[in-house]
Amino acid sequence: MLLKELCSLSGVSGDETAVRNYLQDYLKDVVDSLSVDKMGNLIAVKNGTSTSAPTILLSAHMDEVGFMITDITADGYLKFEPIGGIDERILISKPVLINRKTYGVIGIKAIHLQKMDERRKVFTSEQLYIDIGAGSKEDAEKAVSLGDYACFASDYFDHEDSISAKSLDDRAGCSIIARILQDRYDCTIMAVFTVQEEIGLRGSKVISNWVKADLALLLESTGAADFLSIEEEDWVVSLGKGPALSIMDQTTIYDRGLFHHLIKTAEHHAIPYQIRQGTQAGNDSGNIHLAGEGIRTMAVSIPCRYIHAANSMINKNDYENCYALIHQFLQNIKNNNWEESECAKKSL
């Protein structure tokens, strides 16, 4: 399965090579052009069948949160720095994969050796280390170098209704775009798989310097807080209720015409959807909607529990319905007069 393969790859921000290479190989026979810019973004173009149809930009980021090795102690332990927004409270005992070949475990003093005041503390990454079983610095240096990347070493679990894995943010979005590119539409599709989103939307900044498109759809994963310990009004999105459409976040106020057009598309094809209730966080749309003279932009997200952790979780139906919504939207974009439709006129 495409999503499983993508999630199994190491692609920490700044080290997306394995993910990019996989996507290039997957798409090489179905798109009209593939290119990689100096930042490492992958750009795939699939020409449309109609010269009057608009150019649609689809974007998802390849990178995941992870770690960089910053020091090797005399005893052979590895010090590290988190890359991206990781809750350091979840790190203890997590297995990691360094440089795609060396396994280790994030460690701390065992609880039965800790003093009572230590047990009440939250350990920070500065106090943690990665143990690869080396007995000395010299032994560790045979396998690891300063600056090496490490990702969570987590298995992919296919449950009855859900999927849990690392890097669902945003390999789920990448896989949907890769599936979309298997078909040809009236509109031309420019698919952008960006780098370094997790550390400041950096890849999309480079894309925004040159890209020209009529519309842009950002495919993302968004944090679902539908837990028993949280009031329902604060859930933001919920698993199993369909892809989430955003009104605004910290980087973008989304195009209201596109927002209503996607709702109309979902309702016409009986595709479940939900409105993302929160306005926190942001994504690559923050740069893309400001490209050139501006690009009308929307974010369509897959609700995801435990985002930026060793294992996240999405609902299978949400994933498939996200694909279905994007597919039907593209099927119905016949020309550049799409915005004259009644649904697109329902803007504020």
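Each Cβ is built from the backbone N, Cα and C atoms, and glycine gets one as well.
Bear in mind that the values here come from a model prediction, so they are computed numbers and not experimental data.
The record from TrEMBL ties D169, H308 to Zn(2+) 2, and of the options E141, E198, E293, E320 it ties E198 to that site too.
Of E197, E198, H308, all annotated as recorded positions, the residue with the shortest Cα distance to D169 (Zn(2+) 1 binding site) is H308. Note on the recorded positions D169, E197, E198, E220: the fewest other CB atoms within 10 A surround the CB of E198. Applying an 8 A CB threshold to same-chain residues 6+ apart, the list for H61 (Zn(2+) 1 binding site) reads D170, G173, C174, F193, T194, V195, Q196, E197, E198, G203, S204, E220, N283, D284.
Excluding the listed site residues H61, D169, E220, the same chain places A60, D170, A172, G173, E197, L219, S221, N283, D284 with Cβ atoms within 8 Å of the centre of the Zn(2+) 1 site Cβ atoms.
According to DSSP, H308 (Zn(2+) 2 binding site) is assigned to coil rather than to any helix or strand.
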